[in-house]
Amino acid sequence: MVRKILIDDPEFIFPLSLQQVTLYRSMQGKSELHKSVSQKQMKVFWWILLGTFVWQFLPEYIFPFVAALAPLCWFASRNHVVNFLGAGRGGVGLLNITLNWSNITSTVITYPYSVQVTIFVGFVITTWILIPVAYFGNLWGSPTYNIMSNGVFQKNGSDYPFESLIYTDSSGNQHVNETRYHEVGLAYSGAQYTWEIFMWYASYISSFVWCGLFLGPKIVKIWKARKDKGEYHQDRLSRIIQQYPGLTLWEWGLLTAIPVGILLVIVATKSIWMPTWTYFVALGFGAAAMLPMSLVYAMSGYSIKVGFFNELIYGYMIDARGSSRHPLGQLAYRIISGNVWYDARIVLEDQKIGHYLHLPPRDVVGIQIIANMLALPINYGVMRWVIASKFDYVSGRVPDPAGQWTGQEFKSYNTAGIQYALVGPKKLFASSFFKPVLYGFPAGAVAPIIIWLLHKKFPKARFDLWNSTIFFASAATFHGNLSTGPFTTFLVGTFFNFYLYRYRRKFWNKWAYISGAALDTGFNANLLFIFIFLGTTGAVMVNWWGNNADNIERCFALKK
């Protein structure tokens, strides 16, 4: 649907793909001159990879203290206010520094600096400003509803007994026990999670408006030329790729029909508690979001989540008589609709890598099919291992001292399922507590218009770099369990993509992507090693000063 716009057009660079392309080209090193440079790059790559592999044992296993350095806690480790502000695990992470690459990643190199600034501004506003104001000011349900949790609560702040609200009728559909619901009441959530919904709504709408204003004319121009067999783009890469035969519409249709048919059977047999007709709506909304979301990703490398909007649509759809209201049906709808865009993003990025490396498009698709077939059993096996070995942490039965196995995504899915499927958006937004969330839609529509007008009025000011879609999405990121990364990421990103990129461009061109790839590879290799040789054996690091049993950051008064 969008290949002709995103892959063939050289203006859409897919920033994250450039790092992989640089590494692959360095490994090839065809010409003698290129071989000399490539050999130096690969030597540096392997040294950085080895150094990262060895270093990561400290924050990940031996010395987790360095994973979140909280200077505020060092000077007042028994002061709750200071601990809440300074802790990177369970606090807002003010001036918190991480030396764990998993909390930084190579996005400090692959994201354009304007994107990094936008992300950090969103983090500062929501995490360093809004959370302390709401927490200490007792605003929007705080502290009755834990602001650092994305769980779901009753009005008095106790856990929401959602299982007691569900009953199954004779046809196998799940419904709400209205008598029990009136006893339990509305499903509330913490302030951070609640304004997160506002931000995601704004981000979703902003993506359509932003792309229409800033990229609309270009999209229309390319779309009109879609019958020219790729000849609209006459850059060197496009001319090379045009020589290779691409997949026909019939082949694309077959690749689409097989998974669509398999999923249809699963949905129709009521295995996932989702009405069959909503499956087609899920595919439609996923396809509609593909172009604007892909455009944002192709320019910035930043991936926008669409789950909350999909859940809202599903909640209204199943408000009809006879529809199953099981929370897992809502989760299934979210995954199906969201994965239309998420999987398209992966396919497009791989196609762009193939475009840069002059690979035939048909070969790239074939490799993608094989890779997915291999990934399915591996990913499933890892998932089963996590459930078997980390379930007590993920479920909350046992607190995770490292703050990394807290199951925040699972809790978020559970909360959304209860609020949108079980309770329903009609009841939810009839409440004054949740009604402000709906203002996210007009906010997302108006923000890009204001930026576009400012850009037209002051083109030299580069207001077009302030992408409202990315701002809202970054502001919607949940930092209840881990807030130690963004500050360090911004500092490292400023060094790489502002200082080096602007003032040491030759050095940046030669070493930036290679360094990022080496750091990521070293971290992943270390994680795999720990998983295979330590995780599967149940080996646990002993507690010592750098691995304190109560709080590894030494923020001992974090919890009241």
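Glycine is treated like the rest: Cβ placed from N, Cα and C.
The structure displayed is predicted, hence computed values, not measured ones.
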Range among 367-393, 475-501 that TrEMBL annotates as transmembrane segment: 475-501
Positions on the same chain near the transmembrane segment (198-216), where near means CB under 8 A and six or more residues out: 126, 289, 291-293, 295-296, 304-309, 312, 436-441, 443-445, 447-449, 451-452, 455, 464, 467-470, 472-473, 475-476
For the transmembrane segment (44-69), distant same-chain residues with Cβ under 8 A (at least six beyond the ends): 23, 26, 87-89, 93, 96-103, 401-403, 484, 511, 514-515, 517-519, 521-523, 525-527, 529-530, 534, 541, 545-548, 552-554
Outside the transmembrane segment (436-455), six or more residues from its ends: residues with CB under 8 Å to it: 194-195, 197-206, 209-210, 213-214, 429, 461-464, 466, 468-469, 471-472
Best-contacting stretch, by C-beta pairs under 8 Å, relative to the transmembrane segment (113-136) and drawn from 249-273, 279-299, 475-501: 475-501
